[in-house]
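J.: Grabbed the feature section from TrEMBL, which reads as follows:
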| type | residues | note |
| --- | --- | --- |
| BINDING | Asp100, Asp102 | Mg(2+) 1 binding site |
| BINDING | Asp100, Ile101, Asp102, Asp154, Lys215, Tyr224, Gly233, Val234 | ATP binding site |
| BINDING | Asp100, Asp102, Asp154 | Mg(2+) 2 binding site |
| COMPBIAS | 529-538 | compositional bias 'Basic residues' |
| COMPBIAS | 539-563 | compositional bias 'Basic and acidic residues' |
| COMPBIAS | 564-581 | compositional bias 'Polar residues' |
| DOMAIN | 8-201 | domain 'Poly(A) polymerase nucleotidyltransferase' |
| DOMAIN | 206-351 | domain 'Poly(A) polymerase central' |
| DOMAIN | 353-531 | domain 'Poly(A) polymerase RNA-binding' |
| REGION | 524-581 | region 'Disordered' |
| TRANSMEM | 222-241 | transmembrane segment |
Amino acid sequence: MNYQKVYGITGPVSVAGPTAPENKLNDELIQELKKENSFETEQETANRVKVLETLQMLTEKFVFQVSKNKNMSDGMAKDAGGKIFTYGSYRLGVHGPGSDIDTLVVVPKHVTREDFFTVFDALLRERDELDEIAPVPDAFVPIIKMKFSGISIDLICARLDIAQVPLNLTLSDKNLLRNLDEKDLRALNGTRVTDEILELVPKPNVFRIALRAIKLWAQRRAIYANIFGFPGGVAWAMLVARICQLYPNACSAVILNRFFKILSEWKWPQPVVLKPIEDGPLQVRVWNPKIYAQDRSHRMPVITPAYPSMCATHNITESTKKVILEEFARGIQVTNDIFSNKGTWADLFQKHDFFYKYKFYLTITVSTKGSDEEHLKWSGLVESKTRLLVLKLEALAGIKLAHPFTKPFESSYCYDTEEDYKNILNNYGSHKTEGQLEKYVKVTDDNKDDETIKDQKQVHITTMYIGLSVNVTEKKEKIDIHVPCTEFFNLCRNFSEEYQKSDTFALSIRYVKLYDISDEVYDEGEARPKKKKSKNKKRKDENEADISKRPRSDTAASVHEENSSSVPALEQSTKPITPVT
């Protein structure tokens, strides 16, 4: 009798191996992933290895320098060590061209977080390979975001309560977590979770191919972004891993079909867990909805396997949950068609229709007169708070769905006078007026290093979109979004004194109708939605998906910095809409 190890908290649904047709579909899946540029070249992989070797060298230099500053001998300072670990997609082996590398710097107890943001930051800035850098010491997990040798790196730091960090150190021992603060625990969690996921799947290669496909699908369908209330990379990895546990001998193609079927029928908020939740040596909070009310509020909980277990999907809102479940349902239909030879894997990876789907869109425009680094911090703050605006909007009567888009749009323009600056902000983001921006020089990757560009004043702009599905019963009924938008505006402005300087940091909230959305959201060659002239002027339902039958009015009201709390109401009327003051 063959013994097969049981993975997960339940036995498998099926231990059947793949059939010949399933293997054929699996080969076609891999070919499609290659065609979609999911795998990087050997040269790109070698570049990543070289960057990580450089970061390891800098980590040892950093710890040595801090140790010497604290009057240690050369021998003790060298023995103090320091080591980098990776986590996320790179550690899982599912990174692709252009992916960032999530990197953890582990240091001994005499090296502080402040040292990381001063001494290590300075060492990085000395390197010729550094393209850009933005330290964010006040983040939930303090981080240095940078681009190094053309590769994006998210660099975090954790201090262990040990005197030396040797190169052979592993992080699997729970006792290493003793005497650490919450920020250090969170920093260590990424690597510990990633390593456990790989140990909890029956066939790592099957898992990796399936995860590559799910990551590509989630990105194409615009449901991959923890910060905006969708699952992030770790959550998608754990969801795929759970399906692999239930079908331990299946090929990746079968895993994908079962993924959509099982998760669309899942009894949420029943949690997805890869192994029993463990206790440990620390007085720290472990996810437990029986004890903590906040844990009971999680809508689609996916629980990390490493101690202390946490919910990786706590950011999911009621609106984003609906969007995710809609995409699961579509995934079932498409993969069923593929298995019936009625479709191909390319159908699964079709691009989203977000910018064709809704009648109303709320736009959040963040701008900075200053450096790239200043703008990265300001826009990053607003981005991190956008999910809170979604929560406030979806609580309003009449709003069925507040659907945030997962990718901010970035632009920078050169300007000479204050009037130019105001013109850029006033005309940006609207299809009707963005033609006025053609007289200003747009900063691009090709011209940003030109001396003529560097010497000019620049305004950096980031725009985020929230699609609104509304449901009003009376023709003239209005939904007033003034209060949630004002609260959001004040929350961002009052985060720190620095961001109250409205002459440097600007924030505007406006809404536009479908036909007035900026051209920037559409890819080259992609058709904008167009109105269809019709004699039949009967009103259609507010959230009707047929973009060819949209109401005739495309007037958009906006909220400018001088009057940012005056947000218009949404009304079911073809008359021009004016702000509610």
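Placement of Cβ uses the backbone N, Cα and C atoms for every residue, glycine included.
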J.: For Lys215 (ATP binding site) and Asp100 (Mg(2+) 1 binding site), what Cα-Cα distance in Å is obtained after rounding to a whole number?
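T.: Answer for this pair: 14 Å between alpha carbons.
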J.: Determine, to the nearest whole angstrom, how far the Cα atom of Asp102 (Mg(2+) 1 binding site) is from the Cα atom of Asp154 (ATP binding site).
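T.: Rounded to a whole number, the Cα-Cα distance is 5 Å.
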J.: Taking the Cβ of Val234 (ATP binding site) as the centre, how many other Cβ atoms fall within a 10 Å radius?
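T.: A 10 Å sphere around the Cβ of Val234 (ATP binding site) contains 23 other Cβ atoms.
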J.: Can you tell me the mean pLDDT for the domain 'Poly(A) polymerase RNA-binding' (353-531)?
T.: 91
J.: List the other residues in this chain whose Cβ sits within 8 Å of the Cβ centroid of the Mg(2+) 2 site residues Asp100, Asp102, Asp154, in sequence order.
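T.: Same chain, not in Asp100, Asp102, Asp154, Cβ within 8 Å: Gly88, Tyr90, Ile101, Thr103, Ser152, Ile153, Leu155.
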J.: Here the binding-site residues are Asp102, Asp154; which one has the lowest number of other Cβ atoms no more than 10 Å from its Cβ?
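T.: The binding-site residues Asp102, Asp154 were compared, and Asp154 has the fewest Cβ atoms within 10 Å.
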J.: So, by DSSP, how many helix, strand and coil residues make up the domain 'Poly(A) polymerase central' (206-351)?
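T.: Helix/strand/coil tally for the domain 'Poly(A) polymerase central' (206-351): 75 helix, 4 strand, 67 coil.
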J.: Cβ-Cβ under 8 Å from Gly233 (ATP binding site), same chain, 6 or more residues apart: which ones?
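T.: Looking at Cβ-Cβ distances below 8 Å from Gly233 (ATP binding site), excluding near sequence neighbours, one finds Gly88, Ser89, Lys215, Tyr224.
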